[in-house]
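Asks: My questions will all concern the structure given below.
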Amino acid sequence: MEIFPISLKLQQQRCLIVGGGHIAYRKAILLVKAGAILDIVAPDIDPQLMSLIEQSAGTAYVKLFEDHDLDRVYRLVIAATDNADVNKRVFEQAELRNLLVNSVDDIPNCRFMVPAIIDRSPLLISVASNGASPVLSRQLRTQIETLVPHGMGKLAEFSGQWRSRVKAQITNPDERRIFWEELYASPLKEQVFNDNLDIANQMMTQSLAEWTAPKGEVYLVGAGPGDPELLTLKALRLMQQADVVIYDRLVSAPILELCRRDAEKVYVGKARSNHSVPQEGINALLVKYAQAGKRVCRLKGGDPFIFGRGGEEIQELFAAGIPFQVVPGITAASGCSAYAGIPLTHRDYAQSVRFLTGHLKEGSPELPWSELVYENQTLVLYMGLVGLEHICQQLIAHGQRPDMPVALVSKGTTPEQKVVVGTLSNIASKIAEYQIHAPTLTIIGEVVSLREQLQWL
């Protein structure tokens, strides 16, 4: 994030625009709407702009810009002339005086940028691109305009009228936030939109009278293999309402960014033989936070019920009498194979697929080898990188062809995805050669040969 978005109160604050044409007029409208006192410095001032100056009780200085014009006390300054040299000079002089300054469409000479705005006062939504693409910002604003009802401003104003009373009655900030979230999902919203304020006030009074502190709950959420666009809608909704997010090493940073920003985030990362928090500790954390009345999102890479130890966690929750939800995620086998261009089943090559873990409880991959050498079958190994050489040797020893195709998909579905293809006889030697690191999925079977034709990334 290269810029820090803020909302600036400008009521009765004196602001300066240097420039008197249509560029200045566009910015002046926004400043006057925000309640600013508007001064203009320009040799020629558009009549419409002059009326805005009068409306705001500001001053028109009909002259060329001079450095001392900034010696007056201004909250912010906008350079809006069609002369780049003048705009740069305004910027430099404002910087010397530590004034917030914007040069219209001239990013190097800006201390702040004016975003595209969706106005549902008192609710405001802004879209900014750090000056990289104002047109894109405006297009996004147009899309958002269609999604946000005009009545949202009324709802924000209505909420403001009740805010003090709600705060006085529900003193716990987390509980208060849940109260408002539930209220905004209730029929009250439509009553406010339709100006039925008497009914809305009655509903508010009743909601406060009936309010009880919520019980804690755990959401066991599959985050998928890494690409945030592979999240389910339900996963995203629960991630954004959770008070606490307990996440592991396989949850990618872009996915974690989608969680509620003010949620407490607890890292319990797991790597082979290096668990920052052991499974028993994770189970205890889930119970502790839920018993404290928190909504807890246990965020897991892939799917929580496929080699994710989700079953163990909800057994603990069940024993403690804690309510929970389970949200499936796209498992690594599905996501990584698709992004690698390797179908796990194909009528000509594989009529079945088996998911296996190469990292067993005792630390050694002892698998039913004779069952794994059937024809027309795809094997998918999770956590099999360390024991891959042993696995390949055992498959060959139990009758599998040494030239059976194998693919390693490292960090699948992410921008760092790497795919290495080999055979049972040589794939282990390629790990060091291509610097393959966990998390890596191993796919064994004739379907791997289709990658050459079907890869799309």
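Each residue, glycine too, has its Cβ placed from N, Cα and C.
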Asks: If Swiss-Prot says Gly301, Gly302, Asp303, Ile306, Thr331, Ala332, Met383, Gly412 bind S-adenosyl-L-methionine, which of Pro187, Pro214, Pro225 does it name for the same site?
Replies: Pro225
Asks: Pick out which of the binding-site residues Ile306, Ala332 has the most other Cβ atoms within 10 Å of its own Cβ.
Replies: Ala332
Asks: Could you state the CA-to-CA distance between Pro225 (S-adenosyl-L-methionine binding site) and Asp248 (active site, proton acceptor) to the nearest Å?
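Replies: Just about 12 Å between their Cα atoms.
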Asks: Other Cβ atoms within 10 Å is the metric here; tell me which of the recorded positions Pro225, Asp248 scores highest.
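Replies: Counting every other Cβ within 10 Å of each candidate, the maximum falls on Pro225.
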Asks: What span in Å does the S-adenosyl-L-methionine site cover, taken as the longest CA to CA distance among Pro225, Gly301, Gly302, Asp303, Ile306, Thr331, Ala332, Met383, Gly412?
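Replies: 17 Å is the greatest Cα spacing among the residues binding S-adenosyl-L-methionine.
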Asks: Within the same chain, and leaving aside Pro225, Gly301, Gly302, Asp303, Ile306, Thr331, Ala332, Met383, Gly412, name every residue whose CB is within 8 angstroms of the centroid of the CB atoms belonging to the recorded S-adenosyl-L-methionine site, in sequence order.
Replies: Gly224, Leu250, Phe307, Gly308, Gly329, Ile330, Ala333, Gly335, Cys336, Tyr382, Pro439, Leu441
